[in-house]
Amino acid sequence: MDGSQFVDRKRIYYSLRLSKWSCISEDRYITPPEAYVWRKESQEILKNALNRKLNTNVAKNVILFIGDGMGVSTVTAARILRGQKQGRPGEETILEFEKFPHVALSKTYNIDKQTSDSGATATALMAGIKANYYTIGVDGRAKYANCSSIKNAKVDGMVNWSKNAGKSTGIVTSTRVTHATPAAAYAHAPQREWESDIKLPANHGECKDIAYQLIVDQSDMQVILGGGRQYFMTNTSVDPETKKVNSAKGRRDGLDLIQ
């Protein structure tokens, strides 16, 4: 077989028929590619990597995209799904961000749990430290739902680092702005669900709810886009969209953090 049949690999599709691999190209069945095809592709990838010119410029801006729960297995599933929607087996698909010149893996496990949560893992991404389950913006000295334990455990992350460097900062999310993942950018809490003061325990001491921290402690953040306005309004306010009073989630301290 002439190797030229495999030059344009975008037009070649593999299918499993009668437990044997066959290849479909322009409605003709041909045998699977020989070993040299895969080795040639590998050599081309290595050659491109060796000839790549490093960008040594200083970045002007940094945007951190977080796909919540987006581990290696999730990326693999996305790759397969995209390929199958295009009529291929899927594993051979390359996602757009996989074409970037550099890649790195980050371990975001929790100190005290094998199955982690968004709050502590986002803290690992944004502050570079590991934390306990369900905590936000604090190190391992902070214990779950224990206000007194966070006094000396608060950690700075990318937002404060950027501010100190004279940068503008902001968060954009498809969920509530007080949700665990975006909250890790600015808040310090031993319990990720303390999004409003109505969720704080009676003995919360000096602990502040997450919505309050965003508006008061991070008042110089330029961009805040997301949902969850109920945690910023009083529990007697009428929601401008639903036209209802959300007494279960609204604030009980009388503060309207939106105005």
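The backbone N, Cα and C atoms fix where each Cβ goes, glycine too.
Annotations in TrEMBL come from automatic prediction, not curation.
If you look up TrEMBL, you'll see SER118 marked as active site, phosphoserine intermediate. The feature Zn(2+) binding site is assigned by TrEMBL to ASP68. Taken from TrEMBL, the feature Mg(2+) binding site covers ASP68, HIS179, THR181.
The Cβ of ASP68 (Zn(2+) binding site) lies under 8 Å from the Cβ of SER118, THR181, each on the same chain and at least six residues away in sequence. The recorded positions under consideration are SER118, THR181. Their Cβ neighbour counts within 10 Å are lowest for SER118. Take the mean position of the Cβ atoms of ASP68, HIS179, THR181, the recorded Mg(2+) site; other residues of that chain with a Cβ within 8 Å of it are ILE66, SER118, ALA122, THR173, THR175, ALA180, PRO182.
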